[in-house]
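Annotated features, as they stand in TrEMBL:
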DOMAIN    27-108  domain 'Manganese/iron superoxide dismutase N-terminal'
BINDING   H52, H100, D185, H189  Mn(2+) binding site
DOMAIN    115-218  domain 'Manganese/iron superoxide dismutase C-terminal'
Amino acid sequence: TTTSYFFSSRSGVKLIAPLGCLASRQKHTLPDLPYDYGALEPHINAEIMQLHHSKHHATYVNNLNVAEEKYKEALSKGDVTAQVSLQPALKFNGGGHINHTIFWTNLSPNGGGEPKGELMEAIKRDFGSFANFKEKLTAVSVGVQGSGWGWLGYNKEHGRLQIAACANQDPLQGTTGLIPLLGIDVWEHAYYLQYKNVRPDYLKAIWNVINWENVSSRYAACKK
């Protein structure tokens, strides 16, 4: 069945349109993974990747589109109360979409090792060594209470790299101002099927598939 929404036109006539027809150009879509679901094994197994991408991320995308349609309707009616009440759904689902879109590109079957060039020099400058950086980001990610993310971000105002944790699906830039370079998802759905409740084991494994080329490209782009 097609979900439909009523909305008011300028003439005051009630119109009805299928959800898929409303602002179709602006609809958010689930991005394709740049690798197969099983490509990150043995570090992250195929079942986790398939569920994480095709179910969890897809749900954020779908719910974001629904929330945006409702928000657009509230705007057209000047209904400020409805606009305010939709903010949590926009933040949660919008953040989930933003975060995961970054996360998939931060991972690669050809990843691991250490970064090179400007990113490595910046890591040494701001954290003392790559080992110190890795230890600190791991500790921050392990320490997230409940669900959330560990991030390496860029503080544009101070021109420095910075580590931060965000709760739930709070997007890094929207909540801290830091530009996201590398995100580590520590929601249980990111690792439970393989690592059970032992988050440190998952965090130890994920360093083997970090796509440093992608992180370096993000760093170079945000410095411009």
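Cβ atoms here come from the backbone N, Cα and C positions, even for glycine.
Within 8 Å of the centroid defined by the CB atoms of H52, H100, D185, H189, the record's Mn(2+) site, lie the Cβ atoms of H53, H56, H57, F103, W187, A190, excluding the listed residues themselves. Cβ neighbours within 10 Å of D185 (Mn(2+) binding site), excluding its own Cβ and spanning all shown chains: 25. Minimal Cβ crowding within 10 Å, among the binding-site residues H52, H100, H189, is found at H189. In terms of DSSP helix, strand and coil, the domain 'Manganese/iron superoxide dismutase N-terminal' (27-108) has 59 helix, 1 strand, 22 coil. In terms of DSSP helix, strand and coil, the domain 'Manganese/iron superoxide dismutase C-terminal' (115-218) has 54 helix, 24 strand, 26 coil.
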